[in-house]
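Since the structure comes first, as structure tokens, the remarks are kept for the end.
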Amino acid sequence: SLVQFETLIMKIAKRSGVWFYGSYGCFCGSGGQGRPQDASDRCCFVHDCCYGKVTDCDPKTDIYTYSEENGVVVCGGDDPCKKQICECDRVAAVCFRDNKDTYDNKYWFFPANNCQEESEPC
């Protein structure tokens, strides 16, 4: 679920997903079009693509199971669809963490009209 995604971002990237990525670049936040503007925006592009491959459950609302083992988030549970959502969220949170140093405030609340280029395929 989106609430769990926020929790994973806080755990892994040590920052608020809603605040930092709720409206960033062309892909972070609701919707997405154009080309990713930087590495953090690309994290969101890949996350959108990952959610797009989920067919048997709802990534935005379905609750998944995960645990922490030696500080590492491990997705679990018996439902393969929910596990897939968890993996999408976990990979994105790791991506945000790994690209914090190139996060650029100029892409915060980036106008959608700057995202008119043709999108690359997932």
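Using the three backbone atoms N, Cα and C, a Cβ is placed for every residue, glycine included.
Marked as disulfide bond by Swiss-Prot: C26-C115 (among others). For C115 (disulfide bond), the same-chain residues lying six or more positions away in sequence with a CB closer than 8 A to its CB are G25, C26, Q33, G34, R35.
If you draw a 10 Å sphere around the CB of G31 (Ca(2+) binding site), it holds 9 other CB atoms from the protein chains shown. Swiss-Prot lists F27, G29, G31, D48 with the feature Ca(2+) binding site, giving similarity to another entry as the kind of evidence.
Following the DSSP three-state reduction, the secondary structure of C28 (disulfide bond) is strand. According to Swiss-Prot, the disulfide bond annotation covers C28-C44 (among others).
Cβ environment of C43 (disulfide bond): Y21, C28, A92, C95, F96, N99 lie under 8 Å away, each six or more residues apart in the same chain. Swiss-Prot lists C43-C95 (among others) with the feature disulfide bond, giving similarity to another entry as the kind of evidence.
Marked as active site by Swiss-Prot: H47 (among others). Neighbour list (H47 (active site), Cβ cut-off 8 Å, at least 6 residues apart, same chain): F27, C88, D89, V91, A92, C95. Following the DSSP three-state reduction, the secondary structure of H47 (active site) is helix.
Annotation source Swiss-Prot lists disulfide bond at C49-C122 (among others), citing similarity to another entry. Using a 10 Å radius centred on the Cβ of C49 (disulfide bond) and all shown protein chains, the other Cβ atoms total 15.
As annotated by Swiss-Prot, disulfide bond applies to C50-C88 (among others), with the evidence given as similarity to another entry. Other Cβ atoms within 10 Å of the Cβ of C88 (disulfide bond) number 23 in total over all chains.
Under the DSSP three-state reduction, C81 (disulfide bond) is assigned to helix. If you look up Swiss-Prot, you'll see C57-C81 (among others) marked as disulfide bond, on the strength of similarity to another entry.
The Cβ of C86 (disulfide bond) has Q4, Y64, T65, Y66, C75, G76, G77 as same-chain neighbours under 8 Å, each 6 or more residues away in sequence. The disulfide bond annotation in Swiss-Prot covers C75-C86 (among others).
In the three-state DSSP classification, D89 (active site) falls within a helix. The active site feature in Swiss-Prot is assigned to D89 (among others); the stated evidence is similarity to another entry.
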Task: List the Cα distance (Å, whole number) between C57 (disulfide bond) and D48 (Ca(2+) binding site).
output: 15
- request: Please classify the secondary structure at C57 (disulfide bond) using three-state DSSP.
  value: coil
Task: Other than F27, G29, G31, D48, which residues of the same chain sit close to Ca(2+)? List them in sequence order, counting a residue when its Cβ is within 8 Å of the Cβ centroid of the site.
output: C26, C28, S30, G32, Q33, C44, F45
- request: Between C122 (disulfide bond) and D48 (Ca(2+) binding site), find the distance joining the two CA atoms and give it rounded to the nearest Å.
  value: 9
